[in-house]
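Visitor: Encoded as structure tokens, here's the structure I'll be asking about.
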């Protein structure tokens, strides 16, 4: 009975978040490319032809095709809710390095979930459009799951080689063009750091890194990508420095502005650290370093899009993911510092985000 009472708040919280996504997806009809990927089907021959002539996103393409193959609105709604919740959960749990629920998650989970909703660069296209979710939610879910395991392996100095993590590494590498290069880069930097620190490298990190790089190569070097690029002379016909200049002056700032609420949340948490001496003294510095690192990676995922002739808002979901990780690292460090002001501050920010979420959700539902 006592155990049931303890898990009740957690169950209720997750169930409410699940229903919030489920209900919106339930009332969302399939549209746009959903029809195309339903017709594509799930046969290997169809997807190989698609890979050779159109896109290297084999993970995203198969994900969308499998979901649409069911022709069930119930499956569509469950997949949207589950992918969103698992995505948020991995972001919440990465700083702690464990999937086990703990006290801090009662604040961290709603904070991340609310921020995901109210600051998403294009919630409809990244979450409630099946093909869009396959490309920019499911793939980023695989990336953040890989980041969780890679981070956990690093902090716990684990040496075991898991076939599942190796597969996840490949899937993360074969995610989407804005994030994939940084999955490979992070894995290589982790090896370089361990080599510098210990003068040796764990075999599991080498295996996972090779899998991630293989995934990136499959994605980026797809013949279909080159066929599509051949019809984009208006962009690829320009000198590379001109493309970079146009991207930096005309596209980056507009896209980074799409997730401005995430910056506000992050800033409020950072201000708690800056202006409270007790927090500064007790907060885990490693979490702050990790937060700064993922912010830099997040900005880089936007900068690298100079290579693409198009830059739709939904692509920013990868950048947004890294800012959510930064929020998670700092909020977790504040809660674990044991300083009352830190806990009160995180609670206040969560409540504020919750109020905005309720207002936004009512508009979406209506």
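Just so it is clear, glycine is given a Cβ too, placed from its N, Cα and C backbone atoms.
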Visitor: For the record in TrEMBL, which of the ranges 126-151, 152-177, 178-203 is the transmembrane segment one?
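Guide: TrEMBL lists transmembrane segment for residues 126-151.
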Visitor: If I go by TrEMBL, the feature transmembrane segment sits on one of 53-69, 104-120. Which?
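Guide: In TrEMBL, the transmembrane segment feature sits at 104-120.
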Visitor: Among 104-120, 257-275, 315-335, which stretch has the highest count of C-beta pairs below 8 Å with the transmembrane segment (342-361)?
Guide: 104-120
Visitor: Same chain, outside the transmembrane segment (74-92) by at least 6, Cβ under 8 Å from its Cβ: which residues?
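Guide: Apart from its flanks, the transmembrane segment (74-92) reaches 14, 17-19, 21-26, 28, 30, 67-68, 99, 105, 108-109, 112-113, 116, 127-128, 130, 133, 137-138, 140-141, 144-145, 147-148, 321, 324-325, 328.
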Visitor: I need to check the long-range neighbours of the transmembrane segment (287-309): which residues 6 or more away from its ends have a CB within less than 8 Å of a CB in the stretch?
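Guide: Non-local partners: 95, 151, 177-179, 181-182, 186, 232, 234-236, 243-244, 246-248, 251-252, 255-256, 266, 273, 315-316, 318-323, 325-326, 329-330, 332-333.
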